[in-house]
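For reference, TrEMBL has these:
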DOMAIN    70-499  domain 'Amino acid transporter transmembrane'
TRANSMEM  74-94  transmembrane segment
TRANSMEM  100-122  transmembrane segment
TRANSMEM  150-170  transmembrane segment
TRANSMEM  200-219  transmembrane segment
TRANSMEM  231-249  transmembrane segment
TRANSMEM  283-308  transmembrane segment
TRANSMEM  320-344  transmembrane segment
TRANSMEM  374-394  transmembrane segment
TRANSMEM  415-435  transmembrane segment
TRANSMEM  441-467  transmembrane segment
TRANSMEM  474-503  transmembrane segment
Amino acid sequence: KFAQFVLVMVRGNIQSDEVDGRIISSDSLQKDYATLDKKYDDDYNTIPSYEDALRDEFPESKFQERVVGKSSSLFASYNVICTVVGTGLLQLPYGLYESGWIGVFLLLGMCAVATYTATLLIKCMNPPSGRKLYTYSEIGNEAFGIKGAYVVDAMLHATLLGVATIYLILAGENLAQLLNEVPWKSAGADANYVTSLADIKPSWCILIIAILVWGHVWLGTLHEVGFMSAFNVLVAMFLFFVVIVEIFLELYSEKQNLSSGYYDSGSGASVDRGTHTFINFDYYGLSLAGAFVSFAFSYGAHAILPTVYESMKKPQQFNVMIGLTFIAILFFYIPMAVVGYYAFGDETLSPIYDNLCTDGSGSSCTYGEQLGKWLAIFAVTLHVMLSFAIVINPTELALERLVGIKKWENPKRKLIGVSLRTCLVVLTVLIAEVIPDFGDFLNLVSSCTNTATSFVFPCLFHLVLFWPTLKNNYFLIAVNVAIICITSLAGFFGATFAIISILCHVF
């Protein structure tokens, strides 16, 4: 009875009442209850604490506890690495070409900023209101209401659709190259040890890939199983190994040719590695913004960080885990970017393996080098084809929920679900056919969506949710505002540069 009166008092329904013949006011009731907290009544029944009573009555109150996951910090780090280390590797040398050598420092700085915004995002999952938030959209809702949740959801689904389209473009380009440049030892050194099985345009290959991946629309739900994560890491490591080793082999071959007199010094001939600059001011400086969004895509793990945080057995270790994870990722990024740009300069292409074993590379490739390149391209193609369904499935499920379909309970609902998913696949095909360039479209997606979810939103939500405690901390306010302004401007100019590049390639 005592606990019930306390709850009624807290809810403001009464000011006083009678207990065992005594008149007790609401003020004295709360005071008396505090003295009896965790003690016993006359019958030796345990009296629940004041906080326990509130927790039972108000499960969304400030006393709500967070459910702890079962994953170790090491496994959480592994999940982040699986998410970000992949196709983004292919763009890094080209990103360094867009910025010049200063891009190395930009890559390091963005690692620090990405780590900082990741910690802010997780801090926002435990706002001062006491509510425990579990998804990115819930954080947006907490900060700006339902409109904030809608904006976050729109950005996340736009990112997923964009990444699915990037996968289609890359798979189409790769399939055309795999069929047209098959390693063939009998072809001989004059043919660079390759032969053509079929000369199919990338636009037709995109349609072929789309038909192959379309079959997933008949599956109810998809879950990213462990073998896919492991396969992603293996592909990234294999790609890293092939590109680095083959570039060094080409550089060694060129050095041997120079020492043996293959290049006639009297004629002025030499190995052409393109032009290298410290800062690339091409396109009135827009190229620097293009480099920013190229690198931003490589740190775009923030959309899945709330899920990673919830899965951790020791969530208090998240900040250390994410910092060490991004530092470990740099051991992939820095060598790939530096070696690729050093070898090819302003002739660096995206994806980087397009620079390997080409007719104009200055030296012929061995059969083993051609086979390694072909296998790397094949592994990347297989990876993006398998990942397409996983990437686009959350958007498919959201679209089905939007029209009122939560489960395929009967053939009619299944037919509607399959039709909606087919429409999304067709949409990605149409975009891929209109914008067939991998690097330009990756920059466009990164600048429009990834910049917001990885850099702008965490700082903005942190300022809004924690303003009462931040309003006198001018340093943190300045840091957050600076990140918001700089990344927003870089994203805007990066999108402008990407659109200009796309228009130049299309027209």
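Every residue, even glycine, has its Cβ placed from backbone N, Cα and C.
Curation does not apply to TrEMBL; its annotations are automatic.
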- prompt: Does the transmembrane segment (320-344) reach the transmembrane segment (200-219) with at least 3 CB pairs under 8 A, where each pair is 6 or more residues apart?
  reply: no
- prompt: What parts of the chain pack near the transmembrane segment (200-219), using Cβ distances under 8 Å and only residues at least 6 beyond its ends?
  reply: 168-169, 171-173, 175-176, 179-180, 385, 388-389, 393, 396, 417-418, 421-422, 425, 428-429, 432-433, 436
Query: For the transmembrane segment (150-170) and the transmembrane segment (374-394), does the number of C-beta pairs under 8 Å, pairs 6 or more apart in sequence, reach 3 or more?
result: yes
- prompt: Of the listed stretches 74-94, 100-122, 283-308, 374-394, 415-435, which one has the most C-beta pairs under 8 A with the transmembrane segment (441-467)?
  reply: 283-308
- line: Sequence-distant residues near the transmembrane segment (374-394) by C-beta distance (under 8 Å, 6 or more away from its ends) are 86-87, 90, 156-157, 160-161, 163-164, 167-168, 170-171, 174-175, 177-178, 181-183, 209, 212-213, 216, 219, 221-222, 224, 228, 231-232, 234-235, 238-239, 242-243, 351, 353, 424-425, 428
Statement: Other same-chain positions with a Cβ less than 8 Å from the transmembrane segment (474-503) and lying at least 6 residues past its termini are 113, 116-117, 120, 283, 285-287, 289-290, 292-293, 296, 435, 437, 440-441, 443-444, 446-448, 451-452, 455-456, 459-460, 462-463
